[in-house]
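Student: One structure is given below, represented as structure tokens, and several questions about it will come after.
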Amino acid sequence: MSTTLDSAVASAARTDAPPAILMDKVNKWYGAMHVLRDVSLSVAEGERVVVCGPSGSGKSTMIRCINRLEQHQEGRIIVDGMELTDDLRNLDAIRREVGMVFQSFNLFPHLTVLENCTLAPIWVRRMPKKDAEELAMEYLTRVKIPEQARKFPGQLSGGQQQRVAIARALCMKPKIMLFDEPTSALDPEMIKEVLDTMVMLADTGMTMICVTHEMGFARQVADRVVFMDRGEIVESGTPDQVFNDPKTDRLKTFLSQILRGH
Amino acid sequence: MAETLAESAAPRPAAVGPAEARRPPMSVVGPVAWARASLFSSWWSTAITLALAYLLVRWAMGLVDWAFINAIWSVPVNDQGIAQTQACRALEGRGACWAVITEKYRFILFGTYPYDQHWRPLLCILLFIGLYIVSAMRRFWRKELALVWVATLVLIGVLMWGGILGMPYVPQERWGGLAITLILATFGIAFAFPLAVLVALGRRSRMPAIKTLCIVYVELIRGVPLISLLFMASVMFPLFLPEGMNIDKLLRAQVAIILFAAAYLAEVIRGGLQALSRGQYEAADALGLSYWQKTGFIILPQALRLVIPPLVNTFIGLFKDTSLVLIIGIFDLLTAGKTAVVEPAWQGFGVEVYVFVGLIYFIFCFAMSRYSQGLEVELNRHRVR
């Protein structure tokens, strides 16, 4: 536990700017099940954090607390200087600044790719339609599918859909991007195109938290890897520290399972 | 990949090239082949086919005889304006007496509305049909359409009541026929549908008061027959009103129909809301859309498309349920038809009148059904790959 807090404090201290995300002793229960136990995490602006751990360890729940798709019951979460409380104005402001990419894409099937991307900028950011469309085309070009703009999501492959989902989130010009197992629902040959897009995004200096099992991606872009098990952060450190020099048995077991799988 | 495929294919004859396109096996379906396979595959099947074909032809010939060949299309009318229906009676049911329709169609369509003013309900019926056609065309699906609806409905009210522009006033008690049916059905759907959307959303609300209210409403209304609601509206409701105050009977029936239909529609719509995955709600939340933006742009468009068939089912049911107002003495299309054959001269010719009235109901319901099928294909195009 102490390693967690130390590194959280250390990474916050590395840059003088206030952290983009600060979670302080966050606890959450589903009924009697304790799914987040004293989770403390500080993510600096521009930092790329990869969260890994066995299934059911609370990784997804943790990042879903950041934009309040799940509500935490104890502790504090401060995003971009605003605390997540029951105050709906704060929540709206935070959701505007935090983009999210889901495992199952969650594109809106009845809207075209372009409409998926422009809906929130037009209605939440109050952007003129023409500007929103230009912006959407810009991001669709960046994720390399501008030619699909007029199609419906159902007509695209899984990898293409996930890239649209990334572009859709980016169109809101978020300061922070959350990825909840973005490649887990994809066929193997499509994982790379999505990871490439995420690497490209990491190179732009976006603050990112990714829940993923893609160790290659973690090594390539992560500033820090956080290992969770049974609702708590067990270890965290640079990819090198975590993957090559695991301190706890739990992480060692997890890594051996992951590596055997690959 | 290509190499492994080639290797695994090696034992097969080399003549089959990898790129050779193979067609699916030819299916032999011509009318003759179909008939052979489905109707005459065995002597037993052949016997049944022939027997049924014989019955079908006999029945069809009988129908043609009754409806066209032996039918009487008009009868003379004597000096007192009473129809001479002896020719019809002489048929003894071997032919249809369509004369009852040619003689009585104005009464069936317009009820007891003053005879020389029949052009007014006729115009209303045409306005309604025009309104349906315009509303059915997607290129008119704009905000202005709501104004067209309001304007048309107001115009219909003015035409029916009159009392201005030189049109004599006609009290509601004298309205009748198809115009009443269309008024009840159109206002019924137009008000029940938005109400149902709100109730369906309310039933899924996190606010306990709203949720309970919606559940109680749906369960109460669904738990009683429409007839008892209409009775309550016409008989019991006025008892609660202060002396001398009287709300129009048609309006009370209309409100009962709206409340009744909305409860059913709300459950249909709730089914659509539940069919959507949670991911759709979460994605909309994560983008920062407000509740009404999420509901209006993401949730309802998908949920309503999913439930077009049961929605239209309920609309069609509502259209026909309007005929129940006959029990509280409102003169709708069916009641007018029934009343037309009460006259001594025409007693016994109910079949012809009911066929005629049924045909009118069928035209409206079938149009709704066909339109909804087209709409379903059109609106769900995004689900076709």
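From the backbone N, Cα and C atoms, a Cβ is placed for every residue, glycine too.
Feature table excerpt (TrEMBL):
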REGION    B:1-24  region 'Disordered'
TRANSMEM  B:33-57  transmembrane segment
TRANSMEM  B:118-134  transmembrane segment
TRANSMEM  B:146-169  transmembrane segment
TRANSMEM  B:175-201  transmembrane segment
DOMAIN    B:178-372  domain 'ABC transmembrane type-1'
TRANSMEM  B:213-239  transmembrane segment
TRANSMEM  B:251-269  transmembrane segment
TRANSMEM  B:353-371  transmembrane segment
Student: Other than its close neighbours in sequence, what residues sit by the transmembrane segment (B:175-201), given a CB gap under 8 Å and a spacing of at least six beyond its ends?
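Tutor: Sequence-remote neighbours of the transmembrane segment (B:175-201) are 107-113, 121, 124-125, 128, 131, 149, 153, 156, 160, 214, 217-218, 250, 253-254, 257-259, 261-270, 273, 295, 300, 315, 318-319, 322-323, 325, 330-336, 360, 364.
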Student: At a C-beta cut-off of under 8 Å, are there same-chain residues at least 6 beyond the transmembrane segment (B:213-239) that contact it? List them, or none.
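Tutor: Answer is 199-200, 202-203, 205, 246-247, 249, 252-253, 255-257, 259-260, 262-264, 266-267, 321, 324-325, 327-329.
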Student: Taking a Cβ cut-off under 8 Å, which residues six or more beyond the ends of the transmembrane segment (B:251-269) line up next to it in the same chain?
Tutor: 183-184, 187-189, 191-193, 195-197, 199-200, 203, 214, 217-218, 221-222, 226, 229-230, 232-234, 237, 303-304, 307, 310-311, 314, 317-318, 321-322, 325, 328, 330
